[in-house]
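See structure below.
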Amino acid sequence: MKMTLVSLTVVFVLAYFATLGYASDPSPLQDFCVAVKDADAAVFVNGKICKNPDLVVAEDFIYRGLNKPGNTSNPIGSRVTPVNVNQLPGLNTLGISAVRIDYAPNGLNPPHTHPRATEILVVLEGTLYVGFVTSNPANPAIKNKLFTKYLYPGDVFVFPEGLIHFQFNVGKTNAVAFAALSSQNPGVITVANAVFGSDPPINPAVLTKAFQVEKNVIDYLQAQFWWNID
């Protein structure tokens, strides 16, 4: 329990100071701007419009439930429980959000990217193999570089904004991690889902050329059901 509290404190303190120096979201121009539900908004804006400050209540700033394990009964073996502006309207304009990630043994948070946020992750339970891949080098003869580490309870790892990254439970027991992200709405692009599971599907000729494989391989991949774990 002591390690759990220390780990959580570390990740959120680090995330807080990171947002002081830089965040993907613009700085607020008032004390708070509690989000109005999209269905109640009369206009669309970059983010969410503000609730009348006179109607703001303490419940706008609290989310309960991150102590509860996510359901990992899916082919990927993991579950992400997000706490962003859609779950916690008080986060609007504050440039930060959080997630809980549960992993079954051999569970994977598959290669994905957050287009609007840096992520800082702390492991509470289990052993994770994590990593990220750099963007395309200026020299086309050089390959994208992979950075990886094995993480244990209390370890903290950062994934730079926009880069493809992953976490894989290499232990024989369940694993749990928490992460903070430098955006109220970091977004998620799961690479395989986006490439092979888009609607409508990408023309197989494009993917056959891009991956240098036969069309039957692309047909097989596009025919799969691609899971979203958040």
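Think of each number as a place in line: the chain as shown, counted from 1.
Cβ coordinates are placed from backbone N, Cα and C, and glycine is handled just like the others.
Positions annotated as signal peptide by TrEMBL: 1-23.
For Cys33 (disulfide bond), the count of additional Cβ atoms within 10 Å of its Cβ stands at 22 [all protein chains shown]. Look at TrEMBL and you will find Cys33-Cys50 tagged as disulfide bond.
According to TrEMBL, the domain 'Cupin type-1' annotation covers 64-219.
Among the features that TrEMBL reports, oxalate binding site is placed at Asn109, His114, Glu119. Residue environment of Asn109 (oxalate binding site) contains 27 other Cβ atoms, counted within 10 Å of its Cβ in all protein chains.
Among the features that TrEMBL reports, Mn(2+) binding site is placed at His112, His114, Glu119, His165. Taking Cβ-Cβ distances under 8 Å and a sequence separation of 6 or more, the neighbours of Glu119 (oxalate binding site) in its chain are Val158, Phe159, His165, Ala179, Ala180, Leu181, Ser182, Pro186.
Rounded to a whole number, the distance between the Cα atoms of Cys50 (disulfide bond) and His112 (Mn(2+) binding site) is 30 Å. Looking at the domain 'Cupin type-1' (64-219) alone, the prediction's average pLDDT is 97. Other than the site residues Asn109, His114, Glu119, same-chain residues with C-beta atoms no more than 8 angstroms from the centre of those residues' C-beta atoms, the oxalate site, are Val99, His112, Thr113, Ala117, Leu121, Phe159, His165, Ala179, Leu181, Pro186, Val188. Counting every protein chain shown, the number of other Cβ atoms lying within 10 Å of the Cβ of His165 (Mn(2+) binding site) is 22.
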